[in-house]
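Note sheet for the following structure.
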Amino acid sequence: MVSFRGTVFFFIVGFAVSTPISKRQAEQSTEEAFSCEGRSPGMYSDHKNCSMYYECVLGHPVYHRACAPGGPVFDEQDQMCDWPENVAPPCGTQRMVTEAPDPFTCEDRAPGLYADLLNCSMYWECVVGHPAYNRPCAPDGLVFNSLLGVCDWPYNVVGTCGTKPDSRDTGDAMTGSGNEMDDAGSGDENTEETVEVFSCDGRAEGLYSDPSDCSMYYHCAAGHPPYHRPCAPGGTVFDEQDQICDWPENVAPPCGTETMPPPFTCADKVPGSYTDPQNCAKFYQCVSGHAEPSHRDCPAGGLVFDAELMICNWPAAVMAPCGYKTE
Ligand SMILES: *[C@@H]1O[C@H](CO)[C@@H](O)[C@H](O)[C@H]1NC(C)=O
Ligand SMILES: *[C@@H]1O[C@H](CO)[C@@H](O)[C@H](O)[C@H]1NC(C)=O
């Protein structure tokens with residue numbers, strides 16, 4: 001009961017479709033039969049399964065091997081199994097730089113420091129009325145931290161220049177849509193506003209606490225961007241007053257636990273002069289009827305306060321600990 005039109009239709013469709021199918025089948029069969037013939041020794045992607053690869057070794061049959069379990073895929077370019085974010089598409093998600101970025105210019109930028117997208121250990125400086133300066137983050141090993149605008153150790157830097165894991169929700173870089181960013185936007189902006197960007201502007205050369213991390217400090221040196229440096233590993237914290245990294249028990253709060261002696265008072269003392277327990281070259285003077293002492297300095301030149309004689313004296317004449325005299 002097949003109509004004339006139906007027969008013609010069937011015939012045409014069958015003919016039209018049969019050629020491409022046989023062609024595809026041919027392609028599939030060559031793919032299935034991966035061969036090392038004509039290939040140099042090495043490893044080759046298995047295009048049907050990203051976590052597998054073929055290995056061609058002279059005088060051996062083709063090896064078909066699997067990457068370690070857990071998600072790595074084969075990276076033919078680097079000849080190794082790696083995480084998808086480090087591997088080019090289609091097996092990985094690594095983003096390719098397809099065009100050289102435009103050369104950096106300070107036009108339309110506020111004066112300041114900017115990341116050099118071509119070299120993590122360089123940065124750009126924009127100064128009004130000057131062309132852009134391209135400067136290195138010395139010493140070797142520092143990279144530019146564009147969040148803080150300083151040269152920093154890689155483990156403090158998030159993103160391609162550093163190794164610090166991004167604590168904020170990174171989502172999936174490949175599929176991150178505008179909507180997701182809008183949704184997360186308000187919260188992220190708020191946290192970023194509270195990140196105070198350290199600047200050496202208006203500061204003397206020297207070392208400064210990092211308010212967000214006690215084991216780090218900033219170093220301001222003329223003609224350099226701020227350096228962001230760590231104290232030695234092992235638990236030391238930065239002591240801005242003494243300009244060193246020290247054990248917490250030697251550092252005042254909030255970074256350390258050093259307990260400060262109570263302030264000197266004359267309330268429980270007879271009138272007279274008393275050595276400043278913090279500094280032998282200073283003393284407190286108590287006068288009758290006043291709880292508040294006067295805080296005075298010994299004359300410069302090495303004199304220390306002699307509590308026995310209530311005068312400033314040479315250390316050789318003063319009892320320890322402020323002087324050397326032992327009896
Ligand atoms: C790909 O290969 C791995 C390792 O042999 C295997 O566990 C996995 O099931 C394969 N995936 C597919 C889609 O065939
Ligand atoms: C990046 O800059 C540093 C410092 O100037 C230089 O030593 C290094 O060779 C540069 N690296 C590249 C890839 O250009």
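Cβ coordinates come from backbone N, Cα and C, glycine included.
Curation does not apply to TrEMBL; its annotations are automatic.
Taken verbatim from TrEMBL:
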type	residues	note
SIGNAL	1-18	signal peptide
DOMAIN	33-93	domain 'Chitin-binding type-2'
DOMAIN	103-163	domain 'Chitin-binding type-2'
REGION	166-190	region 'Disordered'
COMPBIAS	180-190	compositional bias 'Acidic residues'
DOMAIN	197-257	domain 'Chitin-binding type-2'
DOMAIN	263-324	domain 'Chitin-binding type-2'
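Counting residues of the domain 'Chitin-binding type-2' (33-93) by DSSP class, helix then strand then coil, yields 3 helix, 19 strand, 39 coil. Helix first, then strand, then coil: DSSP counts for the domain 'Chitin-binding type-2' (263-324) stand at 3 helix, 24 strand, 35 coil.
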